[in-house]
């Protein structure tokens with residue numbers, strides 16, 4: 001694509017250095033990836049400023065550079081107010097606005113995004129759709145998966161992925177949309193058809209600072225649905241009637257709204273809920289029909305995820321029988337209330353719960369399954385919201401019988417300092433502190449007996465532990481498996 005054509009989407013022109021309207025061969029935000037013909041966009045990140053690498057990009061063959069200020073380089077420079085937003089617009093244009101050829105479903109919220117995204121994917125596949133998925137665990141196009149760095153990729157990677165979905169004849173894309181991606185503008189240019197809200201509880205306050213700012217960031221997904229009423233590509237918002245943030249989201253969108261819930265009156269509801277260690281049964285009540293269903297997932301929090309997925313299917317006009325059939329065939333998502341079974345006499349659960357609300361939910365579910373003692377291994381991430389550390393500890397001590405505090409990606413922080421932050425919330429109470437996560441897991445499993453339950457919280461599907469500047473292989477389920485094998489030898 002010619003540079004002048006690409007710049008029409010920005011309504012911008014080069015203001016520094018002459019140019020001869022080169023062909024743009026790629027869009028890059030990493031100077032190391034720049035080749036002859038690349039358009040380099042300078043992004044100011046948390047620790048690195050792309051403007052500092054503009055000269056390197058020029059030396060590597062950049063045809064032009066997008067920046068927020070003038071630069072000392074010999075290639076054309078396009079100055080914009082916000083280069084992150086410009087990157088989104090340019091990426092969308094460069095790859096041919098690929099989301100216009102998809103039914104695009106965005107799912108946002110503090111907890112439940114990953115589980116709900118996978119449930120929606122299963123429902124749409126059951127309906128005969130060719131699906132793509134973008135989320136915390138991976139990117140999936142058809143049956144092929146690719147690794148990810150962020151819950152929501154950078155905009156150039158995102159649009160490139162959507163273009164690949166177009167090429168692979170995908171018709172429906174389901175994606176997790178993080179608050180970071182929304183506030184940074186990574187998803188500008190994405191033509192969402194259905195926006196889904198799970199819940200809003202404390203998380204990411206290291207970035208958003210206040211819950212109001214956090215809510216505002218989440219609301220951008222719903223305002224991004226636009227104000228038009230296109231019957232060929234209708235817009236829908238799916239909101240949790242039991243979460244007070246939904247009232248705010250309802251105000252910022254012109255899209256048709258479908259609600260779901262358990263407590264408050266909603267379009268899609270679960271009634272007569274019965275939860276056991278084997279699964280959950282309830283009456284699914286919807287505008288399309290009512291049916292008693294049983295899912296293999298455990299916990300009230302999972303009922304909300306199922307309702308959100310069902311409401312999304314209804315919002316898309318899928319047959320009710322297809323939706324319920326897909327839900328009843330659901331398998332668990334890795335790291336989300338994942339049972340680790342090596343013939344030990346007690347359940348061991350691995351779960352991604354890393355916020356106060358999600359930890360309380362999963363602990364209460366485990367408590368209902370516990371005849372003896374409830375063990376929980378839990379930590380708090382380094383370089384993240386410090387205010388939730390004492391809250392997480394208080395919840396663990398209040399609900400569990402054997403709370404064990406440990407490390408969970410301490411990053412640049414001292415693991416012992418993180419533990420001290422947690423302990424400030426539970427002074428004078430009973431708990432264990434074991435900084436080494438592997439030792440903490442082994443301790444819990446070695447001391448559990450028949451009738452007990454062991455919950456390993458915080459990392460879920462993650463297969464690494466970040467300590468300092470290094471990343472080590474670490475998988476809670478694998479470590480738990482080894483601990484159980486050791487226990488079984490005794």
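Cβ coordinates come from backbone N, Cα and C, glycine included.
Among the features that Swiss-Prot reports, ATP binding site is placed at 109, 110, 111, 112, 113, 114, 115. For residue 115 (ATP binding site), the number of other Cβ atoms no farther than 10 Å from its own Cβ, over all displayed protein chains, is 27. In the three-state DSSP classification, residue 115 (ATP binding site) falls within a helix.
Neighbours of residue 218 (N6-carboxylysine), defined as other CB atoms within 10 A of its CB across all chains, total 25. Per Swiss-Prot, N6-carboxylysine is recorded for 218, and the stated evidence type is sequence analysis.
Shown in sequence order, 352, 353, 354, 378, 379, 380, 381, 408 are the residues of the chain, 6+ apart in sequence, with a C-beta less than 8 angstroms from the C-beta of residue 458 (meso-2,6-diaminopimelate binding site). Taken from Swiss-Prot, the feature meso-2,6-diaminopimelate binding site applies to 384, 408, 409, 410, 411, 458, 462, supported by sequence analysis.
For the motif 'Meso-diaminopimelate recognition motif' (408-411), the DSSP counts in helix, strand and coil order read 0 helix, 1 strand, 3 coil. Positions annotated as motif 'Meso-diaminopimelate recognition motif' by Swiss-Prot: 408-411.
Mean pLDDT of the predicted structure over the motif 'Meso-diaminopimelate recognition motif' (408-411): 96. Taking the centre of the Cβ atoms of 384, 408, 409, 410, 411, 458, 462 as the meso-2,6-diaminopimelate site, the nearby residues of that chain (Cβ within 8 Å, site residues left out) are 354, 379, 380, 381, 382, 407, 459, 465, 466. Counting other Cβ atoms within 10 Å of each Cβ, the lowest count among the binding-site residues 408, 462 belongs to 462. For the pair residue 384 (meso-2,6-diaminopimelate binding site) and residue 114 (ATP binding site), the C-alpha distance works out to 20 angstrom. Nearest Cα neighbour of residue 111 (ATP binding site) among the listed binding-site residues (410, 411, 462): 462. If you draw a 10 Å sphere around the CB of residue 410 (meso-2,6-diaminopimelate binding site), it holds 23 other CB atoms from the protein chains shown.
Annotation note: residue 218 (N6-carboxylysine) sits in a helical segment as assigned by DSSP.
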